[in-house]
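Here's what Swiss-Prot has on this protein:
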ACT_SITE  Lys396  active site
BINDING   Leu113, Asn114, Gly115, Gly116, Lys127, Gln190, Gly222, Asp253, Lys396  UTP binding site
BINDING   Gly115, Gly116, His223, Asn251, Ile252, Asp253  substrate binding site
MOD_RES   Ser13  phosphoserine
MOD_RES   Thr426  phosphothreonine
MOD_RES   Ser434  phosphoserine
MOD_RES   Lys438  N6-acetyllysine
MOD_RES   Ser448  phosphoserine
MOD_RES   Ser461  phosphoserine
REGION    457-508  region 'Oligomerization'
Amino acid sequence: MSRFVQDLSKAMSQDGASQFQEVILQELELSVKKELEKILTTATSHEYEHTKKDLDGFRKLYHRFLQEKGPSVDWGKIQRPPEDSIQPYEKIKARGLPDNISSVLNKLVVVKLNGGLGTSMGCKGPKSLIGVRNENTFLDLTVQQIEHLNKSYNTDVPLVLMNSFNTDEDTKKILQKYNHCRVKIYTFNQSRYPRINKESLLPVAKDVSSSGESTEAWYPPGHGDIYASFYNSGLLDTFLEEGKEYIFVSNIDNLGATVDLYILNHLMNPPNGKRCEFVMEVTNKTRADVKGGTLTQYEGKLRLVEIAQVPKAHVDEFKSVSKFKIFNTNNLWISLAAVKRLQEQNAIDMEIIVNPKTLDGGLNVIQLETAVGAAIKSFENSLGINVPRSRFLPVKTTSDLLLVMSNLYSLNAGSLTMSEKREFPTVPLVKLGSSFTKVQDYLRRFESIPDMLELDHLTVSGDVTFGKNVSLKGTVIIIANHGDRIDIPPGAVLENKIVSGNLRILDH
């Protein structure tokens, strides 16, 4: 928290503090307003309209940020959700499918969150353009999935990409290659907000530019921005006019987030006749998911609670797998008409996530964000569906990439499914060390992807390379100490083995 805010909180504990605080906050808001007006004067006529919308949106978020004090949830009010508010997927699936699947599919729009860069995996440009399977990128697989649906059922399900200013240009260049696919592709941009100095709480940006020295002055404000940006883009009204009724929103790097016909049918033909405006797919927590947001009952409504909102004294309780058994997959099904209604009433309420960052020059900043799932409490008749783990297959690291590139999964029409040859439906735990962090380095260290059908756990640390046709089974731990190197020879079978020390294989 900034020194400014700390000074404020001290002042609050004194007499007349609230009045003093109010004056300070008003002064600060006025200063920010002036700074934003200065920034807007640097916009060209072409940039002016969308920059003004962005800065107006930022001002609203900033105003709320200044008003908030302490954790945004009262721990005493958090309850487990009622039984009927989170339905098991098996129950949804048991209802079967309608005779005319195309009639429900034609009411759907698929939206993929495509604002992220591949920097965490050492790649420049949009993450969605990283090759994940047989040289297919995340975007290729998404297009293949939807094209398969449209061809199979003679439907017209469009794909919409929510880009950020970081990914828009590169994504649009690549979209030409899908011109002959049977998928209409649309894009819109999420907002661009200025980062603020952690001490002064004023914007770092001096002009609208986000290149050169100003590259780090701006950020995309989280996927909660989808509601306003989708509405402002005009696409929301376009789809409503075309008779579309629901959007299926998911992260483009979640390879398990395919269109599920059973969930869609449940939305379009609810058993009690009352339609859900918002469905969140949740899945059971494992020890690896303790930080994931969870669905709770709060003041009579379903509410997503993230770890950042939890008071420090209750963090361990929040992480407990026994008390909070599920977490949010960020696969969401949302009524288009409801988004329009709530957006026009300014009634979409999402908690602010304060994300601290340090810029390359060492300046400490904060960026204010919101999360798309946090809006669940603003919608009527919301529902959680507890889906199989297979619908949550995110690729955040090269460890995840190794899993999806391996023979653990088979690829069919853009969809990955667990191989029938694997005896257990669980996914192995894979931890690759820092030598594998960048995709380029990772690919160089595997002559071919090992056979992992019988693998339970793999840990690799240090300078390690794998030859062709290696097979890994059970628990395998490979550790090359600093200065050492281990080459796993071609055709090696490692089952329940620890490999350490130094092993070099050189061409004769």
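Keep in mind that glycine also has a Cβ here, set from the backbone N, Cα and C atoms.
The structure, with features from Swiss-Prot marked on it.
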residue: Leu113; record: UTP binding site; contacts (Cβ under 8 Å, 6+ apart): Met162, His223, Ile226, Val249, Ser250, Asn251, Ile252, Asn330, Val372
residue: Gly115; record: UTP binding site; contacts (Cβ under 8 Å, 6+ apart): Met162, Asn163, Ser164, Asn166, Thr167, Gln190, Pro220, His223
residue: Lys127; record: UTP binding site; contacts (Cβ under 8 Å, 6+ apart): Gly116, Leu117, Gly118, Met121, Phe138, Thr167, Ile252, Asp253
residue: Lys396; record: active site; contacts (Cβ under 8 Å, 6+ apart): Ser120, Asp253
residue: Ser448; record: phosphoserine; contacts (Cβ under 8 Å, 6+ apart): Phe466, Lys468, Asn469, Val470
residue: Ser461; record: phosphoserine; contacts (Cβ under 8 Å, 6+ apart): Gly433, Ile478, Ile479, Ala480
### Query
Nearest to Gly222 (UTP binding site) by Cα distance: which of the modified residues Thr426, Ser434, Lys438 is it?
Lys438
### Message
Please report the Cα separation of the residue listed as 'phosphothreonine' and Ser434 (phosphoserine) in Å, rounded to an integer.
### Response
25
### Message
With an 8 Å cut-off on Cβ distance to the Gly115, Gly116, His223, Asn251, Ile252, Asp253 Cβ center, who else from the chain surrounds the substrate site?
### Response
Lys112, Leu113, Asn114, Lys127, Ser128
### Query
Given the recorded positions His223, Lys438, which one is most crowded in terms of C-beta atoms within 10 angstroms?
His223
### Message
Let me spell it out: for each of the recorded positions (Asn251, Thr426), count the other Cβ atoms within 10 Å of that residue's Cβ, using every protein chain shown. Which one has the most?
### Response
Asn251
### Task
If we count other C-beta atoms within 10 Å, could you say which of the binding-site residues Gly116, Gly222 has the fewest?
Gly116
### Summary
Minimal Cβ count within 10 Å, across the binding-site residues Ile252, Asp253, points to Asp253
### Summary
Largest C-alpha distance in Å for the UTP site residues Leu113, Asn114, Gly115, Gly116, Lys127, Gln190, Gly222, Asp253, Lys396, as a whole number, is 21
